[in-house]
Amino acid sequence: MRSSLPGGQVSPPALDTLSLADRSPGDAGTSSSAPALDPWALPQLKDTGQPWRELGAAGRAQRVLLGLLKACGLLGSLYLFVCSLDILSSAFQLLGSKVAGDIFKDNVVLSNPVAGLVIGVLVTVLVQSSSTSSSIVVSMVASNLLRVRESVPIVMGVNVGTSVTSTLVSMAQSGDRDEFRRAFGGSAVHGVFNWLTALVLLPLESALAPLERLSALALRAASLQPGAQAPDILKVLTQPLTHLIVQLDADAIANSATRNATNGSLIKHWCGAREPAIPGNSSDCGAASPGPCPKTNGSTTAEQLPCHHLFSGTALSDLAVGLILLAGSLLVLCSCLVLVVKLLNSLLRGRIAQAVRTVINADFPFPFGWLSGYLAILVGAGMTFVLQSSSVFTAAIVPLMGVGVISLERAYPLLLGSNIGTTTTARLAALASPPRMLPSALQVALIHFFFNAAGILLWYAAPPLRLPIPLARRFGDLTARFRWVAAAYLLLSFLLLPLAAFGLSLAGPAVLAGVAGPPLALLLLAALVTALQRRRPAWLPRALRSWAWLPRPLRSLQPWDRLLRRCCPCGPAPAAAKGNHCYDNPQGPEGPEGPAVLASQRL
């Protein structure tokens, strides 16, 4: 029976057990009758230890010493994490740089803007370094193997591919549902921003070429003078360790996309040369020379000096070394991420956590509160410029979001600033190019900068258009309920869909449009109808005001989740176990009013 409610409303009929199970947001064992809380609210991070005033001298000394040890462990874990990222990049370069070079050589494919976009994504995912991908593009443009117009979609794809690192980092916090919601939402907001910007600017660039024209105009207005190489602070810190493991030949990697490419190994075996001592000759090129020294006379040659790293004299192929480095770096990377999360949870408690959170998430007083986000953009750009790596900066932001120190609204401008900071590094590197390569290298770097600046104007300048934030929230909520969705998002966004688009582009633009056009149109139509169902249902026909008429696998992930649990029974307990119990046992712990409370919740 239906009971009357205030205002003339009628209570809903008996709830469907499957609908209740499908929409239960909590973990197993969480009471569904509890009042709904905002899952995106930052936790309190209370300090459960004994207060400082109640400690004696020995207790205070022990707490200080323990805090110092944790801080040193956190810094050491971060250092090993950065080094493992560098080794992971080297592993992917050994595994995929020659494949990337073969892809870049196909000018027929690169003439298709969609193919250029997905090639940029795939190559950046393969080599795990946007700097390497950008250097390949710059080398091809400078060698007249690629026109600037064809390089613009590749640069867009490179920008999209950089967000895969933050997505991988968020997987380390999948053990806790709330932490994983916040961490994956933070990584998704970066990827959604890059994808939305690329999908908007790619058709515009194909039709009007605004980025190419704007970069050419800025290039003509500036007086170009070759400058010095920007100092790479992060490399100075990590090279003492990473160079003991492996060293790669940067010239061979860049030449893999040019006609000068060879079939030799990418592993560097010779790291310098030493000229034999000759009486009366004081010149010495020393070990700083990258190759053999010039001959001093008709019969004397320089002595090459071998490199001193783990694989300098190995007989293994690049593929075997790449697989070894990939397995080792992933193991160290995951271990460091887990350790960093644990140490952050241990350190960021009580007053320390509140102080750090207050400083990071603080806003300017009214009416200058809108300046806080733009200051965060500048901070993100500056930190990325200092670190010389956007991957490291974003990988540090995601765990902090997971433990509840940084909110999604504040992390969003920080990540946008990281995109700007990595383009600043590219521009400084372009200024260090030889005079012959300077104009084309700087134009590609300017295109990268204007692309990210246009994205900020599109998706941040106007608050109603900050669509990546609500989309990232939905991704986070979805992955918190069905954690396999995170792996599906990673595979689809950065591997399967780009590979499918690349394969279709090989058949020609007509085949690509004919095959990919109808699914995209259907997806956009479904998104439009869903938005109208929530905001203006009266505008739709009665049959389209809900998706209840569709088969359940087409409107819910619950059947797919059950199927995966049958295939993988070792997974976590279903999220809706408590909800089913409450519905099936109305006289249980919740009492006779349990179903009424459940019915009153927003479904």
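Heads up, the Cβ atoms here are built off N, Cα and C, so glycines get one too.
TrEMBL: automatically predicted annotations, no manual curation.
Taken from TrEMBL as is:
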REGION    1-42  region 'Disordered'
REGION    584-603  region 'Disordered'
TRANSMEM  72-95  transmembrane segment
TRANSMEM  115-142  transmembrane segment
TRANSMEM  319-344  transmembrane segment
TRANSMEM  364-385  transmembrane segment
TRANSMEM  392-408  transmembrane segment
TRANSMEM  441-461  transmembrane segment
TRANSMEM  482-504  transmembrane segment
TRANSMEM  510-532  transmembrane segment
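Same-chain residues lying 6 or more positions outside the transmembrane segment (319-344) and placing a CB less than 8 Å from one of its CB atoms are 70, 73-74, 77-78, 80-81, 83-85, 87-88, 90-95, 169, 172-173, 179, 245-246, 267, 311, 399-400, 402-403, 405. If you count C-beta pairs under 8 angstroms between the transmembrane segment (72-95) and each of 364-385, 392-408, 441-461, the highest count goes to 392-408.
Sequence-remote contacts of a segment are chain residues at least 6 beyond its ends whose Cβ falls under 8 Å from one of its Cβ atoms, and for the transmembrane segment (392-408) they are 40, 42-43, 45, 78, 81-82, 85, 162-163, 165-166, 169-170, 172-173, 176, 179-180, 182-183, 185-187, 189-190, 234, 337, 340-341, 344-345, 348, 353, 356-357, 360-361, 380, 383-384, 414-415, 418, 421, 469, 472-473.
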